[in-house]
Amino acid sequence: MAKGKFERTKPHVNVGTIGHVDHGKTTLTAAIATVLSTKFGGEAKAYDQIDAAPEEKARGITINTAHVEYETANRHYAHVDCPGHADYVKNMITGAAQMDGAILVCSAADGPMPQTREHILLARQVGVPYIVVFLNKCDMVDDEELLELVEMEVRELLDKYDFPGDDTPIIRGSAKLALEGDKGVQGEQAIMKLAHALDTYIPTPERAIDGTFLMPVEDVFSISGRGTVVTGRVERGVIKVGEEIEIVGIRDTQKTICTGVEMFRKLLDQGQAGDNVGLLLRGTKREDVERGQVLCKPGSIKPHTHFTAEVYVLSKDEGGRHTPFFNNYRPQFYFRTTDVTGAIELPADKEMVMPGDNVSITVKLINPIAMEEGLRFAIREGGRTVGAGVVAKILA
């Protein structure tokens, strides 16, 4: 007998811990889950339950990620924590765990370290919109001035990467004390303050169904007597029969009208985010549409060829290249449903990129693709994945 239906009455938000190795990300993750479970229900987690993160695959890349859930009075959170630095890089670039906000953990005893900076930069590049800071290990620092200094350094670092340093909530505490059940200011109280900061500082994300209509084209059929049907999975928004849509990417943008929505051989009056549908397009010929284009609300997304991106290059062990690549390397870029050839320009100080590296690059595609900042892609050579990336900034 089922124990009743899962009621999701609270809005859902995805978060994750970022920060330097050994600054206390996993301890904090355990502390949040444990403290909040006593207040709002949910499951307490021990450190080693989170640290033994299972492997998962995203875009052919193996990533170790721990998933923890917890609730506050207002929200349900899904929280990701990664054991190793390389896992963070892969996770953020592939979007395996898309974050609505990140919790930056920084040790008060050490201050910002190289990975603190690198994770903030990655968060900026991959479009993590909000960061909340937990200044950890405050029980090891007696000097108030030292705490203020570390706090100031963190705010400056956030500013440097275009996060609002002055407005960012910084909570002081000790994840270790909280996990041990300490009820003091640095223990449980700090975790409750952090939970409040997450609730108030990170806005509730827009649900996919509330977005502007977008559907990547997977297949195109000609049905005699009815016209052209385009199939795919609606990525966001809603499409209603009779609405005007645009076909964007690869060639010149065209306008058409959706005259029918089909799902499982039934006619519907609309399709929405998550649905696998066939859309009947008025006056559109079979050869006017191809896989790799998108159908969208007119004016909502534009085709582009020139952009900067943050990419992770697969190591040899992950089935990637065995050799480095150099400036002007020309692989295929797999966006949504299709490959497009493009040329890579490396930063001036980078002569080559080794398998296992992550790097900021500039790309020029030979055909335009419907593109927005934050769009994920794979880098492929002859059909096998050699890298993963995310569009950081559109140039043209």
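Every residue gets a Cβ built from N, Cα and C, even glycine.
The domain 'tr-type G' annotation in Swiss-Prot covers 10-206.
The DSSP breakdown of the region 'G1' (19-26) into helical (H, G, I), extended (E, B) and coil residues amounts to 2 helix, 0 strand, 6 coil. Swiss-Prot lists 19-26 with the feature region 'G1'.
Listed in sequence order, Lys25, Leu104, Val105, Cys106, Gln115, Thr116, His119 are the same-chain residues at least 6 apart in sequence whose CB falls under 8 Å from the CB of Gly19 (GTP binding site). Swiss-Prot lists 19-26, 81-85, 136-139 with the feature GTP binding site.
Residues or ranges marked as Mg(2+) binding site by Swiss-Prot: Thr26. Sequence-distant contacts of Thr26 (Mg(2+) binding site), defined by Cβ-Cβ distance under 8 angstroms and a gap of at least six in the same chain, are Thr17, Tyr47, Ile50, Asp51, Ala66, Asp81, Pro83.
Taking the region 'G2' (60-64) as a whole, pLDDT averages 79 in the prediction. Look at Swiss-Prot and you will find 60-64 tagged as region 'G2', backed by similarity to another entry.
What Swiss-Prot lists as region 'G3' is 81-84, and the listing cites similarity to another entry. Listed as Cβ neighbours of the region 'G3' (81-84) (distance under 8 Å, sequence separation of 6 or more from its ends, same chain) are residues 16-17, 21, 25-26, 29, 50-51, 53, 63-66, 68, 91.
With a cut-off of 8 Å between Cβ atoms, the residues of this chain six or more beyond the region 'G4' (136-139) that come close are 23-24, 27-28, 105-110, 147, 172-177, 186, 190. Taken from Swiss-Prot, the feature region 'G4' applies to 136-139, supported by similarity to another entry.
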Sequence-distant neighbours of Cys82 (GTP binding site) in its chain (C-beta under 8 A, six or more apart): Gly16, Ala53, Ile63, Asn64, Thr65, Ala66, Tyr88, Asn91
Most crowded position, judged by CB atoms within 10 A, among Lys25, His85 as binding-site residues: Lys25
Greatest C-beta neighbour count within 10 angstroms, which of the binding-site residues Asp22, Cys138: Cys138
